[in-house]
Amino acid sequence: MQATTVEPYKPVNHIRIVTAASLFDGHDAAINIMRRIIQSSGAEVIHLGHNRSVQEIVDCAIQEDAQAIAITSYQGGHIEYFKYMHDLLEERGSGHIKLFGGGGGVILPSEIEELQAYGITRIYSPDDGRAMGLQGMINDMLQQCDFPTGKNLNGEFKHLQEKNPKDIARLISAAENFPEEAKAILLEVKEQAKDIQTPVLGITGTGGAGKSSLVDELVRRFLMDFPEKKIAIISVDPSKRKTGGALLGDRIRMNSISNDRVYMRSLATRQSNLALSKYVQDAVDIIKAANFDLIILETSGIGQSDTEIIEHSDTSLYVMTPEYGAATQLEKIDMLDFADVIALNKFDKRGALDALRDVKKQYKRNHQLWDVSDEDIPVFGTIASQFNDPGMNQLYRAIMAKVSEKTGVEFDSNLKTSKEMSEKVFIIPPARTRYLSEISETIRSYDKWTKDQAEVAQKLYGIKKSVEAVQGIEIEDKDRLVKQLEQAYAEVELNLDGQNKKILENWKEKVQAYKNEFYIFKVRDKEIKIKTHTESLSHLQIPKVATPKYEAWGDLLKWNLQENVPGEFPYTAGVFPFKREGEDPTRMFAGEGGPERTNRRFHYVSLGLPAKRLSTAFDSVTLYGEDPDYRPDIYGKIGNSGVSICCLDDAKKLYSGFNLADAMTSVSMTINGPAAILTGFFMNAAIDQQCELYIKENGLEEEINQKIEAIYKEKGIERPRYQGELPNGNDGLGLMLLGVTGDQVLPAEVYEPIKTRTLATVRGTVQADILKEDQAQNTCIFSTEFSLRLMGDVQQYFINNNVRNFYSVSISGYHIAEAGANPISQLAFTLANGFTFVEYYVSRGMDINKFAPNLSFFFSNGIDPEYAVIGRVARRIWAKAMKHKYGADARSQMLKYHIQTSGRSLHAQEIDFNDIRTTLQALYAIYDNCNSLHTNAYDEAITTPTEASVRRAMAIQLIINRELGLAKNENPIQGSFIIEELTDLVEEAVLTEFDRITERGGVLGAMETMYQRGKIQEESLYYETLKHTGEYPIIGVNTFLSSTGSPTVLPTEVIRATEEEKKYQISMVHSLQERNAAKSEELLKRLQQVAINNDNIFAELMETVKFCSLGQITNALFEVGGQYRRNM
């Protein structure tokens, strides 16, 4: 399957293309590959990144005067999304902009036909990809949009005063592309601009100084400070000398520009070794003539001698970082002579205070300001990436004052500032950045100690055997020889650790315990009695736990210290002595449509099973913390690829009929960005269920019903209800209190004890892992620091309220693997993230033994050899580190994890073969003693799984657990030479990766340079390349093809949310907002104040969620915690 080389198409015109991933879609790997190829083919790419609304993309394309928009859409809703984009472009008079898209197998051939018939230029299918190749698809796209922009102007100049973005954009394109043809108009523009006093703020600085983030923060403050004023940004990036292409990437970092008071235009230099385009003055004049109130002109990264910005601006800002080298380097920076204001950004870097002092000194020298105090020197330490940074506030005020002083244009800023200096809110204290290498050192030290102790034990065993041998034969001086050996034994024994001596002394007793009919142990003071053997059909007694037959003490000791039986340190074989009886590690995964449909699915898949282990997938609208809406780019995604949940009533309906406080019920929620809010919904749903049981047990139904009717009668609206018939198995538990909460109908002295008991008993997991979201999956919505604070607040609340059975985070490697990481990177990054949470929570003063049991892990299982040991290596590293590095207790040393079979290994060709792969992966997981398991359905590669395919997936687990004889044993892979070798190899590889991450400043430092993301992409590309060439054989995909060539299978049935479900969800959220309008405003303000005061946000959220919708809460928190800033 050798790929043929396709030469890039060479455009005749300067082509500009906007690239992005669709709204509520974090899958940006494909569009990143596409934009790189587009750029290397000579086009200018304005890249917006993931999760972009139609409005944002259309505004951008018009302002940038792009010829085309290229979108990837992998989360459904593509019909509505692309049609809405087409309609919006037509409505704005920009129907000439071409629309291209792709979404793998998500967009069906019939849908491609429908979209192209509607006017979408082209949607590329997987078959197009195979036939044309990546470069072939890009060539096709570039050929279709190789037409000029800015040609044949038609009255644009006359409409400039109306600030129409399209007219401004066309004039700038005319200046760039046809300066001679547009000469007369541009001269007229220049004349008009002379009489307009719009100030120009020039911003320049070194590459990587954070200029884009800093500009965004200045714009955010300007828009808040001057609600009537309009601002324009001209941002310049360099063109590639070789291809002429350019990456115009400043917009990706901007969160504040989606505002009708902001115009932004990105320019490529179109010349080498210069920081500005030669048409930049024309662009400035055009925007001046449009009468904006302020223009920001930002250059590309410059060298020490570049001062070009001065010629085009009234006021200049130079942005640098503390990492400029020796103080003498400052003497070489020309901009320190000319800049009016200097920002020392990334002020959290080491040596920042010294840098601030030195830059102020240099500024004084350059400007001969010897008598001016340091406080009055316009040099400011800033951390633009940190929300509401005090240094940024001071910088903004200083800039506005300087602009007013130099231009005479009044900008009376009302922005409040403080004298405090920018200071990083450290998640991990700087003194602790070596924590991962400290863990590596601890584990290597333990391993060396183990080896040394095993050698001591082996010597003792050798001496003991020698004594026995000597005593059994007749030789001279036998007694003296025995005495010497016993003396030597005593001397060597001094080197054996006392605990290790006990291990050896108690070994026979330990082995016997597993031979007895019953094994007895305690869990939380409760005695558990387990039958130790099962009987085969041949009447053999099969041990649940097999013990080694070693006799030599060195071998025994090494095995006990590095392997041991399940339930004993270092928990290599498992964290519990035996698997839970009557509860297979099977999870029932569902999520589609509205809460009622998913509730029916949950009851279908769990019917007749004693344990209810429900895994919930949420739709992309919920994943990004927004409410359902009729806006087409939102509407199309409601209830697709997951369930729509936007309020407490939705959660009540979703889990109705399952007693959430029952020990046999466990709920897992796959949600990250808005995880704290969804956890609030879930906890209140569980509490209200128990209130309902109390009401029924005490015969209060009639009285409570009357109370609820009275509440709704007063409001004049209908009570919320479960839509449709209850499914088989749903007894209606949880539906009595729809529209109200337990504390509204029960007195506090009844409600509070119910709440306390429920919180202490409820079982489940919320994913909530924001670190892996930044590294791999992209459903971050809040700034990283604020998201981590929310996680910490949830955990603190759990400690304060004795929430012991619910995991506050599922530290997830699954999505890291799905993004392309190999098993070692998946494991290393996931454990590193886990230890980062440990360090953060400890730094907040939490007791490790109170929060560690609330942490759980989630891994993917592929079929690479390393996956056979992923669980045992994770358990072993975690246990050693928690015990010997952090001094945690036994319960905290236990790493509990969920496994899901690999979604990446599901192929759209020969889909029946997927079940074979899934079976092998499930076998790995069960043999490695995972705590819970989800097996993917074979048809998930092409569609949302059907009930029949889900049943088959569950059967895989059930057959292994119930029928496979070897699975009756709970440590079947212990003692295997290859398993032991693999375990050691993978463990060392993980520790080595820890050291690499330490070199980059720990997990958060590595994230700043996108180390994890880059490594994941490299590994993904390596796999895809080998798959494409056939070097990595995949049966039915690139080898062992059928007689028809194993074509891509198209789904016969596609599960999508119905129009009725979508409209019902929208009506429900509107009804909630209407009936709680007054109360919700008060609660949202209270929530914001709690965040500002640094009090526990989750404690307040538990009240907020009773009256407010998901979108309301998310948007309220944006204002106090900041939005996530995308990376390239």
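Just so you know, glycine gets a Cβ as well, placed from its N, Cα and C.
Copied over from TrEMBL:
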DOMAIN    14-152  domain 'B12-binding'
BINDING   HIS27  adenosylcob(III)alamin binding site
BINDING   GLY208, ALA209, GLY210, LYS211, SER212, SER213, ARG253, ASN345, LYS346, PHE347, ASP348, GLU1008, ASN1127  GTP binding site
BINDING   SER212, ASP250, GLU298  Mg(2+) 1 binding site
COILED    475-502  coiled coil
BINDING   PHE578, ARG613, ARG763, TYR807, SER856, ARG891, LYS896  substrate binding site
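Features recorded in TrEMBL, as mapped to the structure shown.
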| residue | record | DSSP (3 states) |
| --- | --- | --- |
| HIS27 | adenosylcob(III)alamin binding site | coil |
| SER212 | GTP binding site | helix |
| ARG253 | GTP binding site | helix |
| GLU298 | Mg(2+) 1 binding site | strand |
| ASP348 | GTP binding site | coil |
| PHE578 | substrate binding site | coil |
| TYR807 | substrate binding site | strand |
| SER856 | substrate binding site | strand |
| LYS896 | substrate binding site | coil |
| ASN1127 | GTP binding site | coil |
Folded-back contacts onto the coiled coil (475-502), same chain, C-beta under 8 angstroms, at least six residues removed: 453, 456-457, 459-460, 463-464, 466-467, 557, 561
Secondary structure content, the domain 'B12-binding' (14-152) (per DSSP, counts of residues): 68 helix, 29 strand, 42 coil
Number of other Cβ atoms within 10 Å of the Cβ of ASP250 (Mg(2+) 1 binding site) across all protein chains: 23
Local Cβ density at GLY210 (GTP binding site) - other Cβ atoms counted within 10 Å: 22
The coiled coil (475-502) [mean pLDDT, rounded to integer]: 95
Rounded Cα separation (Å) that holds between HIS27 (adenosylcob(III)alamin binding site) and LYS896 (substrate binding site): 28
Packing count at ARG763 (substrate binding site) (other Cβ atoms within 10 Å of its Cβ): 20
Fewest Cβ neighbours within 10 Å, where candidates are the binding-site residues GLU298, ASP348: ASP348
Position of peak Cβ density within 10 Å, selected from the binding-site residues HIS27, ARG253, LYS346, ARG891, LYS896: LYS346
Assigned conformation of ARG613 (substrate binding site) - DSSP reduced to three states: strand
Fewest other Cβ within 10 angstroms of its own Cβ, chosen from the binding-site residues PHE578, TYR807: PHE578
Chain-internal residues near ASN1127 (GTP binding site), provided their CB is under 8 angstroms and they sit 6+ positions away: GLY49, ILE252, ARG253, MET1010, ARG1013
Per DSSP, three-state class assigned to ARG891 (substrate binding site): helix
Nonlocal neighbours by CB distance (under 8 Å) for SER212 (GTP binding site), same chain, sequence gap 6 or more: SER235, GLY249, ASP250, ILE252, ARG253, MET254, GLU298
Nearest-integer angstrom distance between the alpha carbons (Cα) of TYR807 (substrate binding site) and LYS346 (GTP binding site): 35
Intrachain C-beta neighbours of SER856 (substrate binding site), sequence separation six or more, cut-off 8 angstroms: THR765, TYR807, VAL809, SER810, ILE811, LYS896, TYR897, HIS898, ASN931
Sequence-distant neighbours of GLY208 (GTP binding site) in its chain (C-beta under 8 A, six or more apart): GLY301, THR321
GLY210 (GTP binding site) and ARG763 (substrate binding site), Cα-Cα, nearest whole angstrom: 44
